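Working notes, structure below.
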Amino acid sequence: MKRSFIFAPGMLALSISAISNAHAYNNLYVFGDSLSDGGNNGRYTVDGINGTESKLYNDFIAQQLGIELVNSKKGGTNYAAGGATAVADLNNKHNTQDQVMGYLASHSNRADHNGMYVHWIGGNDVDAALRNPADAQKIITESAMAASSQVHALLNAGAGLVIVPTVPDVGMTPKIMEFVLSKGGATSKDLAKIHAVVNGYPTIDKDTRLQVIHGVFKQIGSDVSGGDAKKAEETTKQLIDGYNELSSNASKLVDNYNQLEDMALSQENGNIVRVDVNALLHEVIANPLRYGFLNTIGYACAQGVNAGSCRSKDTGFDASKPFLFADDFHPTPEAHHIVSQYTVSVLNAPYRVMLLTNANNVPVKGALASLDGRLQQLRNVDNEQGKLGVFGGYSGNHSHTLTLGSDYQIMDNILLGGMISRYQDNSSPADNFHYDGRGYVFTAYGLWRYYDKGWISGDLHYLDMKYEDITRGIVLNDWLRKENASTSGHQWGGRITAGWDIPLTSAVTTSPIIQYAWDKSYVKGYRESGNNSTAMHFGEQRYDSQVGTLGWRLDTNFGYFNPYAEVRFNHQFGDKRYQIRSAINSTQTSFVSESQKQDTHWREYTIGMNAVITKDWGAFASISRNDGDVQNHTYSFSLGVNASF
């Protein structure tokens with residue numbers, strides 16, 4: 001506004017310090033006004049003249065993507081221009097209608113499916129509406145509709161994802177106060193003096209900020225009154241009323257524009273990442289110290305100097321404290337940085353939340369590890385018909401699964417059983433992401449021996465899972481904000497495994513293994529509490545897994561202590577990726593994120609031992625290592641004891 005104011009995380013191998021590369025976004029395209037202009041008409045922030053010292057929000061986003069953002073005049077993909085509006089009627093030289101249509105025309109009306117787009121416009125349209133009260137609503141409506149139409153044009157042309165920030169509140173900028181003062185007769189010299197006074201005050205919250213503004217108006221009223229107290233009071237009231245009216249009108253127009261655009265954006269499907277910069281601005285002004293700012297009503301550049309030509313070494317530049325504003329309308333580099341952090345946090349949030357899909361599988365694997373130890377033990381003993389067995393097991397790595405089970409030998413060669421497993425985990429699988437997992441796995445299983453050497457085992461299992469205290473951290477300059485939620489999930493599936501024991505010696509056998517496992521996982525969608533700009537909601541997650549396994553094992557029967565070893569080669573036939581739909585809480589739009597392609601081939605090595613303590617008491621233990629499966633911990637172990645009656 002020239003005239004106006006990031007993939008698989010943790011177990012999914014996503015680097016959350018940058019924008020996820022689960023979808024290979026390899027370029028960034030930007031359309032907008034001076035908030036986004038990388039040099040077409042200027043760079044509107046402190047020390048932004050040559051673009052080497054200060055970065056805009058979109059430069060930071062490009063950096064997270066691993067690319068350099070270059071303005072379109074130099075052949076790059078940043079088409080934004082200072083002073084641009086959404087419609088040509090308000091600025092026929094610089095507008096996003098021409099920016100978007102020109103871009104599409106030069107690319108055969110095809111957008112980049114692997115490209116990330118930013119469309120941020122509206123501040124100058126609001127400014128035009130303020131200057132034309134009679135046509136204000138018409139201007140706001142037409143501009144908001146035009147902006148949303150341009151976004152849909154990009155999506156319809158194949159754009160992979162479009163970031164659409166809300167217009168920040170013009171009514172909260174220093175320009176409003178200076179406009180009221182100028183209208184009241186203040187000269188440039190007067191404004192420079194007032195600017196110095198305003199800059200001297202720390203504005204620690206919104207009330208303090210308003211007190212500073214009222215204090216300035218009161219002092220002016222006193223200065224022009226000539227000692228007449230009544231005149232001073234009247235002048236002060238006129239200035240305060242004028243400021244309140246103009247600021248309120250500007251804020252209402254901004255809210256109206258943002259609401260209209262959001263409604264229009266939501267009318268069609270599309271991958272739209274809405275980021276509420278307007279709400280973020282209000283949050284910063286309400287508590288600036290939290291975000292590293294000391295003044296939100298003054299600005300760093302000298303009075304009358306546009307941010308596009310402002311240098312920190314210039315005479316009149318105020319480096320005494322961190323300011324929110326560079327000039328009377330444009331943000332400082334620090335403010336741009338916080339916008340980029342916020343935007344990247346929204347983009348990366350789904351990849352953190354998708355960790356829960358894989359987390360669903362952890363208690364199931366833990367329970368089945370204990371079951372496998374029990375079944376291995378049963379295959380190596382002569383279990384008489386009518387024998388009742390009970391066992392308890394523990395498995396884990398970074399989590400804990402306790403199992404209690406019982407089985408019954410209904411025939412000489414057929415055994416049936418059931419077990420219940422309790423899972424507990426306090427997990428932080430990625431930076432600034434934590435959850436407490438609690439769940440129960442219910443399993444029914446059976447073992448059939450045939451022709452003395454052949455065996456088939458099968459199981460059916462169901463997981464009931466609760467995720468409490470899901471905490472997502474968002475770093476905003478010096479402040480770590482946390483969003484909280486809870487949800488639930490379940491998983492059900494089954495396995496069938498077969499082998500044939502081949503004697504090598506009287507105490508050693510070997511066996512090929514074939515297994516098919518199927519699981520269906522579900523995590524309920526949830527909404528983070530609160531109405532912060534960063535609070536989001538996430539859709540349900542579903543994932544089908546079908547794994548075929550070939551392997552070989554070696555078993556011993558030495559008596560009291562019987563070691564065994566096994567190697568398995570696994571192939572995933574089910575879903576290779578999973579998706580989630582997400583959005584900030586304050587929008588009607590949403591976007592879909594897709595995980596990285598999951599490993600389709602991996603190996604699993606297991607060594608273990610079962611022990612015969614007495615005739616009716618035994619124990620078992622094993623340790624397994626996954627190789628090539630980043631979705632699961634590299635090592636896990638299981639141990640248990642059993643008794644028979």
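Yeah, the Cβs are placed from backbone N, Cα and C, and that goes for glycine too.
The feature signal peptide is assigned by Swiss-Prot to 1-24. The feature active site, nucleophile is assigned by Swiss-Prot to Ser34. Residues or ranges marked as active site by Swiss-Prot: Asp327, His330. Residues or ranges marked as domain 'Autotransporter' by Swiss-Prot: 383-645.
You'll find the Cα of the residue listed as 'active site, nucleophile' roughly 8 Å from the Cα of His330 (active site). In this structure, Asp327 is the one among the active-site residues Ser34, Asp327 with the smallest number of other Cβ atoms inside 10 Å of its Cβ.
Using a 10 Å Cβ-Cβ cutoff, His330 (active site) registers 30 neighbours.
Looking at the domain 'Autotransporter' (383-645) alone, the prediction's average pLDDT is 93.
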